[in-house]
Amino acid sequence: MKPSAECCSPKFWLVLAVLAVSGSKARSQKSPPSIGIAVILVGTSDEVAIKDAHEKDDFHHLSVVPRVELVAMNETDPKSIITRICDLMSDRKIQGVVFADDTDQEAIAQILDFISAQTLTPILGIHGGSSMIMADKDESSMFFQFGPSIEQQASVMLNIMEEYDWYIFSIVTTYFPGYQDFVNKIRSTIENSFVGWELEEVLLLDMSLDDGDSKIQNQLKKLQSPIILLYCTKEEATYIFEVANSVGLTGYGYTWIVPSLVAGDTDTVPSEFPTGLISVSYDEWDYGLPARVRDGIAIITTAASDMLSEHSFIPEPKSSCYNTHEKRIYQSNMLNRYLINVTFEGRNLSFSEDGYQMHPKLVIILLNKERKWERVGKWKDKSLQMKYYVWPRMCPETEEQEDDHLSIVTLEEAPFVIVESVDPLSGTCMRNTVPCQKRIISENKTDEEPGYIKKCCKGFCIDILKKISKSVKFTYDLYLVTNGKHGKKINGTWNGMIGEVVMKRAYMAVGSLTINEERSEVVDFSVPFIETGISVMVSRSNGTVSPSAFLEPFSADVWVMMFVMLLIVSAVAVFVFEYFSPVGYNRCLADGREPGGPSFTIGKAIWLLWGLVFNNSVPVQNPKGTTSKIMVSVWAFFAVIFLASYTANLAAFMIQEEYVDQVSGLSDKKFQRPNDFSPPFRFGTVPNGSTERNIRNNYAEMHAYMGKFNQRGVDDALLSLKTGKLDAFIYDAAVLNYMAGRDEGCKLVTIGSGKVFASTGYGIAIQKDSGWKRQVDLAILQLFGDGEMEELEALWLTGICHNEKNEVMSSQLDIDNMAGVFYMLGAAMALSLITFICEHLFYWQFRHCFMGVCSGKPGMVFSISRGIYSCIHGVAIEERQSVMNSPTATMNNTHSNILRLLRTAKNMANLSGVNGSPQSALDFIRRESSVYDISEHRRSFTHSDCKSYNNPPCEENLFSDYISEVERTFGNLQLKDSNVYQDHYHHHHRPHSIGSTSSIDGLYDCDNPPFTTQPRSISKKPLDIGLPSSKHSQLSDLYGKFSFKSDRYSGHDDLIRSDVSDISTHTVTYGNIEGNAAKRRKQQYKDSLKKRPASAKSRREFDEIELAYRRRPPRSPDHKRYFRDKEGLRDFYLDQFRTKENSPHWEHVDLTDIYKERSDDFKRDSVSGGGPCTNRSHLKHGTGEKHGVVGGVPAPWEKNLTNVDWEDRSGGNFCRSCPSKLHNYSSTVAGQNSGRQACIRCEACKKAGNLYDISEDNSLQELDQPAAPVAVTSNASSTKYPQSPTNSKAQKKNRNKLRRQHSYDTFVDLQKEEAALAPRSVSLKDKGRFMDGSPYAHMFEMPAGESSFANKSSVPTAGHHHNNPGSGYMLSKSLYPDRVTQNPFIPTFGDDQCLLHGSKSYFFRQPTVAGASKTRPDFRALVTNKPVVVTLHGAVPGRFQKDICIGNQSNPCVPNNKNPRAFNGSSNGHVYEKLSSIESDV
């Protein structure tokens, strides 16, 4: 047959190829890639077990199938191992090796590392020497070991020591490779740990030297720590332990911890290894050799499978050990990356870069007394689990065990023992806690599981245990009891802490263990370290605030003492000091005091002190005495302390509530008969304790009832109390007090504030007949003696609620607390009494020396006063010895003058009984006056009741003692400055207001320059020009040497000045005062008077203008008076009326009409030379015409003169103010100084300082009835403007009136229209007090022999003005005395000396001889008893009878009195207003 053509066709070969490929794919699916792995076992390994392990079908899910070659070897030398592995590579084409041996030779691991680095074959050492620690592996090696690294084993060692609180240790190593890593790992761990490690020694032993054991012994003797870490080989460890045993480092109290390298094969234990040796080893029990072989095969297979999956190839098998291709190196490095990260069956089998397992299975083994390794712990997932909660300290049987390490049991019960968990960060207990083990009781528990949990204990009893252990010097292991609580005997067996001690599982029991008789039978108790007993806790009830809570801050003694000091002592002391003080309310040592005025009573003193204590803003009257002020000041300081202390404690007592306990004690009816209450009273306790035992033994019925309400623990009982399930909880007092203090919200309290029943104490239970009891007792007593026990109690047993209670409850301030302030009040009273005595001594004895009397110089008081004044006002004080010693300086001294002024004002204010009259002087004075008392700053004068009375005749020589004193003192002084008194009063005592009715006539030439205290630079003229001749020379000689002002204030009479002294309180005067009317335009002057302020300054202005008008000398056509620098003076006063910025706008009135109708008369007077002061030579005799008078109108004073009077006056020059004829005044002198001609006065008027007589005002008064005509003759040549009385009366109607006050009385009487009822008068018993020796007794009496002016006057008067209250104001008599000796402002040398010495004036009364005044050659001849005839005209009722109103003002031309004026020192007529300002200037 012939072959077919189809067989050779191309289609045929294609089918064959497809079939071939399909066949190859089928074969590939049936047989996956495989990897050859050799398992080499050295020694007596169980091959059957290994075979079963790798034959199991555990790798079917992998893409690579392991092809295992099982090889057994007996030789362990390096040559045999290398030859056998190389043969397997060439014959079996293996790609990995799993090596296991049963030796302790670490050299096998080094050989395997070398083979792997040369052949690039992965080798796994899983057991024996191949798995031992190896340091410094080759970088290209693929050798991996089933075992922990050096660092891992060092960490486990530290965890073991931390578990049992072994913080003090030492390290011993040899030069075996890896020792540096071991030491460095331990150092770095303890440095970065929170545990307080103490590494004492690090010993490096050199085992290569053959110098015997001496060197190693010397090194080991340095070790003192109880824990020693050893790193070396097993052979080296055998030698080291032998030497350590010789030096006593392997006995009881020393613990050695070694790594797995030392332990080696656990089946063989060298005899040198000490009992109790601890080793960290690979887990041989739970991770045996078959499991390791299987995991080794799985690691290589899984890595190859992962490589195949990612790269589609696996490493090619190696055919020889002697050649290595680059391709093989690449594949081996790639496989190494997969070998490091392997996970098999959910287990992490990864390796580190050094070839060690990342998560090895380690165990802690202990060499027990049977010389076998016992597994006591496990290290898994970086956590340590130990079998023993108290480390069993083992020692050789030949040695006796020392009892210095004790096992102590405790019970959790705050605050005595508080159990906490370990710190989650460090896994250890904090520094203030102690590790304590808690057993785990579980039915399903296996032997491998640990039987305890590590906890941390702290508390009051734990701190006591720590202190006792340091004192007695023992160590301990602490664990928590699990069998019961404190301890109770059940069926003859004790449980709890007492049971642990009885069974000798613990040496001691520490905690809240109550000492009782039953327990003391089986154990010994130490002395009690805290007192306790049985207490009852209840829920807090609602409290109430006591009604007397506001009194609680102070005790009753303090309240009583305060009121006693207030009402009896302090108030009485202030009143007494004030009453007897020289300047107090109730003393009248100063004559200016108003009798019957305000007084300081005992009631006011109590009211004042009461207001100071309680800060009451009620009106009180303050004392004035220095002593009483000191007392009140100290009382105010006491009030501050008292009130501050009261306020500080008041809030605490006001919020403090009183709580009522529900039960009073264990014998309370609620406990003994709980069912009698509705609902029944519920109470219970924690069973199996001393509290239950006590109740059972003493209260059987109570114990039976409370069984159903017993609680499992204290926390459960507290919760039941808060929720209302329980009414009372009976338990240990110390525990309940702590719980009450720490309760949230402080809702739970113990009855009776911690009342204790059946008192006992807590103690430490010790084994019976133990040697520790005495040492423990002494240690506890030492804690009490050192005060440490009190510190522990304050730290642990004091709760928050106790602190809050202490903060709220404030103890009462008893008398001891407030004693200091009462002592202060007593000292203040003593000081006040001393001050009171010193005040009177100074006032009555030493005051005069401080005034300069003793030294003759200005006193200290004067110097200080003037020094302060000089500092404030800048006034220089001249205290030259020559000046101050002169009599003139003494009388010109401002200080002396002011003192006299004050003395005079006081005497004026206290007049009572005028010349024996039953009426008081105060009846004539108005209380509402603006004039104030100098010393008291009060209004001291009252208005008159306008009743007339008969003035009793005065004695002729009433003031003879003053006259005698003046004569005796100044009789031999020469004449000096006769006008100085007049000039002094011109400058300093000016009227303040317009008090009388007058009109403005003639030309106004008033010179009132601006006020200044500086002396004027005006050229002086002799003051003795125009003085009278020998008739008054003796009088001038008597007074000329003393003046109130020095020569610097003297000047021309034609330029009358208006000075004020340094103590003046006058106001600025307004007005245009130029004297020449020809140079003044009418409209300009009228405009200057428009809308001037209607204030006190206006009244002052009118007084100045009128006074200047009255002072203006007579004028003649050829004698005119001119001012210096008139334009400047006029501009100055025009500026006074211009509105100024920042000044108040006064109410203005238009006064232009006052001068409107008089302007023409002024011009005529100016042309004719006439005026108010017309020369007497121009008067005619024997005619009815009057020439040279004002406006041709006869003045009222002219009507009082007869023809004979006019004839007498026409022949010569007369006094300006009185009828005295000036015989020694020549016409030559008058011609030289015409300005002084019309204002010349007699010596009597000069001495009195009178500017005018009061009767001069009669020329300005309007008469309601026409006066009788008086024929007056005058020269026809001088008659210019004759006018009849009718024309004069008509002209007066057009005049505007101004009221001017000329005296103190008239000023006060200005406000009489609004006066109220008459004030109280001075009692009659004070009538004679001011009469004898008073310089003002003359004010309300007339000279002897005169009954009234109306009967003796030769001039017709308007009779209806007499004693008519409604007739208008009348010019009253000046307050100044009528005689020169009565003038208090004219001091005498004797007066001055008496004032300096602080004594009364030594005036003496002499009997007056009838007619002596007519014959005596001295100035007494001037005193006359003739009546002074005055006619008063006015629209205002007079203050006194007209017969006692002596005139103080006269017409400047002709006097209205025929008789010469008596030397009247009181006729000045000036008023001192607001004397308080004068006093303040002093």
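Here, residue 1 is simply the first one shown, and the rest follow in order.
Even glycines carry a Cβ here, placed using N, Cα and C.
L-glutamate binding, as stated in Swiss-Prot, involves THR514, ARG519, SER690, THR691; the candidate among ASP463, ASP732, ASP743 given for that site is ASP732. Membrane topology from Swiss-Prot places THR250 together with THR798 on one side.
Candidates considered were CYS86, CYS456, CYS457, CYS461; the recorded disulfide partner of CYS321 in Swiss-Prot is CYS86. Within the set CYS395, CYS457, CYS461, Swiss-Prot assigns CYS457 as the partner of CYS436, by disulphide bond. Of the candidates SER193, SER920, SER1476, Swiss-Prot marks one as phosphoserine, and that one is SER920. The candidates are SER312, SER1255, SER1353, SER1450; Swiss-Prot tags SER1255 with the feature phosphoserine.
DSSP assigns ASN615 (site 'Functional determinant of NMDA receptors') to coil, not to a helix or a strand. For ASN615 (site 'Functional determinant of NMDA receptors'), the Cβ neighbour count at a 10 Å cut-off comes to 9, with all displayed protein chains included.
Computed over the topological domain 'Extracellular' (27-557), the whole-number mean pLDDT of the model equals 83.
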